[in-house]
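Asks: Annotations for this protein, taken from TrEMBL, read as follows:
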type: DOMAIN; residues: 55-123; note: domain 'HMG box'
type: DNA_BIND; residues: 55-123; note: DNA-binding region
type: DOMAIN; residues: 160-223; note: domain 'HMG box'
type: DNA_BIND; residues: 160-223; note: DNA-binding region
type: COILED; residues: 172-225; note: coiled coil
type: REGION; residues: 246-268; note: region 'Disordered'
Amino acid sequence: MSVNSSAFKLFSCVNAYKNILSNSFRIVFASPQPHSGYKLSSKTNIDLSSFPTKPPKPLTPYFKFLAEHRSLVKKEHPEFNSLEIIKQCAKDWRDVHESIKERYNEQYKQEMDIYSKQYLDYQGRLTPEQKEKLSQLRKERIEQKNKIRLKKKYRDANRPKRPLAPYFLFLAEKAKERNEKYNELAITLRHEWKQLSESEKQKYSDEFNKNIKEYEEAMKNWEANMIKEGHFDLVRGRALIEQGLKNSPQSTKLAKRIKKKASESNEP
């Protein structure tokens, strides 16, 4: 197995594991926090600590039942993992008597009435500048979610992975040779890379050029297959043009989405 493919495998596994840990059951079991729907943006660097506290939206009847019922299922089935607990709760919700569901529905309506009044009050206390910043963060959150969904689609469709650039090939090779963690070596190796002569760096550039040619060929075949299957949203614009689909309804729709996204990113 090449250094390039080994590195990709390592980085993909680590990132996938991190995503599983950070996202598992976050909605149900996380404690509500002011502006919990918005993270501190790396792009805009907005600090939300001075904003009015946003009222937490009530849990829907099912999620309320899930939050309350989970501890009982865990007690009855200590051998269950988190996923099995969720599945059992879902089954219990389906089987529960309608009168109990009605009680949860009625409670939800009451909580929503209170929430609606609190939310109106909260909106009234926001300044125009704060509203604009929150709007910015909402757009970024949607953009991030779309990126995550697209990456999952790429992964599910076995999209070819772009090869590592020369510097990262060097990094992966040295990490493997020294049997050390990538993060611990990154700073040291950055300095070592700068000390390499152009002829020494050429080895990695040659490998990258070879890999990129193979990647482009693999992408060409993959995109042709995606077009045949109708997955136009996974295909680059130039591939649609090469396939003579530049003016097709699918590519026109895609072009509109790209244009809209570009205009949003250029807004002041």
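Keep in mind that glycine also has a Cβ here, set from the backbone N, Cα and C atoms.
TrEMBL entries are annotated by machine, without manual review.
I'd like to know what surrounds each of these features in this structure.
Replies: Per DSSP, the secondary structure of the domain 'HMG box' (55-123) breaks down as 56 helix, 0 strand, 13 coil.
Sorting each residue of the DNA-binding region (160-223) by its DSSP state yields 53 helix, 0 strand, 11 coil.
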